[in-house]
Structure formats: C-alpha cells, structure tokens
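For 41-296, the entry in TrEMBL reads domain 'G-protein coupled receptors family 1 profile'. Residues or ranges marked as transmembrane segment in TrEMBL: 25-50, 62-80, 100-123, 144-162, 182-203, 244-270, 276-298.
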Amino acid sequence: MPNASSWSASSPLLLLWEDSSGTRIFLSLLYAVLAISGTLSNVMVIYLVFSFKKLQTTSNAFIVNGCAADLSVCALWMPQEAVLGLLPPNSSSLRSAEYRLLRGGLLGLGLTVSLASHLLVAFNRYVLITKLPSVYQALYQRRHTGCMIGLSWALALLPVPLLPGLWTLGSGQSDGSSRYTALLLALAVLGQTALLLHCYLGIVRRVRGSAKRVSVLNFHLLHQLPSPAAPPPPRRAQRRLSSVSALLLCCVFLLGTQPLVWVSLLGFFLRPAPPALQAASWLLLCSLSALNPLLYTWRSEEFRRAARSVLPRGEGPAAA
C-alpha cells in the first residue's frame, strides 16, 4: 500500500490513498453521472439562449458564461477523474506532472469563472431590482457586459499556477505551499459569498418592501426594455415565492461552497481535517457545476417554454 506522500503526487483529487476498490468505483460512477448530467444541462442552457431571442438578456449572458465555465469541469475534468479512479495507484497516467497540471488548470479555471459568474448574476439582479432603470441601462450596456465577462476569464487565469498545490490537500501532506494556497482559496470564496449574499438579501428586502413590487421571477423580461416598464403587480403569494427562490439559491450555493472554505481554514489555523471530510467538501463544490443550470432556470417560464419547443414532444399534437 503506498504511503500518503507518494499518493499525493499521483492521486485524483477526491480519491484517498487508503480507499478501497469499492469506494473508488463508487466515486468514479458518481463522477460519470455528474459529468453526463452537467454536460447535458449546461449545453442545453447555452443552446436555448443562443436560439431564442427572448432569452438573450444581460443576466442570461452571465448565466451562459457560467455554463461555459462549468463545461470545463463537467465535460473535460470529471470524465478524466471517472476514468482515473478505476486505474491502479501506480499508473503512469497518475504520475505525470504535466497531466496533473492540465487537470488542475481545467478545474481551477472552470470553478473560478463559475463562481465569478454567480456573483455577476447576483449583482445584475440586485441593480435591476433595487436601482433606477437609468442606472441599470447605463451600467449594463453591451460593451460593459462583454468587458465583465472577459474580466472574469482573465482573473481566473491568474491563480491557475497555484492549483497544483491543492492536489496535496487530503493526502496528509501539509507543506507551506499547499496550506497557503488553501487559505487563499478559502478567503476568495468567502469574500465572494459575502457579496453574493448581500445582493440576494437586498433583493429579498426590496421585493418584500417595495411599492412597485417587482417580481424577481420576471426580472429577465425587463432587461432589454428601452424605458421603465410597469408589469402587473404580483400577488402576495408570488412575492413570497420570489423571496423563497432567492433564498433557496443562496442555500444551495452555501451548501456547495462553505464546507470547503471552513475545512481549508481549519487546516490552516488549527489542524488538517480528516481526509474524507476534505474529499466530501471538494465533491460538493464540484457538484455545483452540474447543478448551476437548474438553479438559474427552473423558475423561468421563458426557459421552460423554450425547452418544451425543442424537445420532441414540443412539436406534437399536445403542444399544438
């Protein structure tokens, strides 16, 4: 049985050196399921936005940006982990430094842009709901939106060289490089989470107390209007559902990101968490890449209508 030090140089990210073959097979199957479902859902959202003009809004541009980043995790990184989990620990593929760097780069780039897209969507909704329409239109011109998306990818390329240090996490090896890399990751995610919660809690307060009573569920209908719109005031139950939807999105995001944050902080300031806990926290974070498309589209009638129109049954007698 290889020791922790040798395994840290060659293992897949979420597989532990003492794992049994049954556990490794289970994790590989889990990777395969997440890879297939995440790839299909992300591709579907991108296709719908590019195919239907009503969906081509500013907020959906940020959602598509996140889907493109999630594809690097679901379509490129997860399938490799599913295959590598079935290989023996002494496989030459696992020991290649260049290959580990490639996998770490794909994971780091995808997760960083995906998390940045979460924040861009939240801030876009916050400005739309809580600020004047003139402020929204001035801030989210097409050129500015493109710059925000490009900046998310440019900033994501900066920490990619640090990602190989994360491969030592969960292996029992606690060198200074990996500890400081984990601390940097935890602080970045924690700061991004604080901004995201500020935006969505501000939206909830506005929806509950605003005299205009603009529904969060219908925000995408207002993005491209040249002048302030006057949608029919939603019922109290609809406003309550809007708040619940925003809070549910926050809860799912917190569940996916915060375990890794606190596990990393615990390992830096006190003592490393158990390897299984570290692996579970990484798995929760990576699973967000498969869930993100559903989080942002499941309450949108426009997305549901567009999806029904492209599915085979959308052209049948029932649809007519």
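Heads up, the Cβ atoms here are built off N, Cα and C, so glycines get one too.
Just so you know, TrEMBL annotations never went through curation; they're auto-generated.
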**OP:** Quick one: find which recorded stretch in 25-50, 100-123, 182-203, 276-298 has the most Cβ pairs under 8 Å with the transmembrane segment (244-270).
**Re:** 182-203
Original post:
Hey, which of 25-50, 62-80, 182-203 has the most Cβ-Cβ pairs under 8 Å against the transmembrane segment (100-123)?
Top reply: 62-80
Subject >> Same-chain residues near the transmembrane segment (62-80), Cβ under 8 Å, at least 6 residues beyond its ends >> reply: 31-32, 34-35, 37-39, 42-43, 45-46, 49-50, 103, 106-107, 109-114, 117-118, 120-121, 124, 145, 148-149, 152, 156, 286, 289-290, 292-293, 296-297
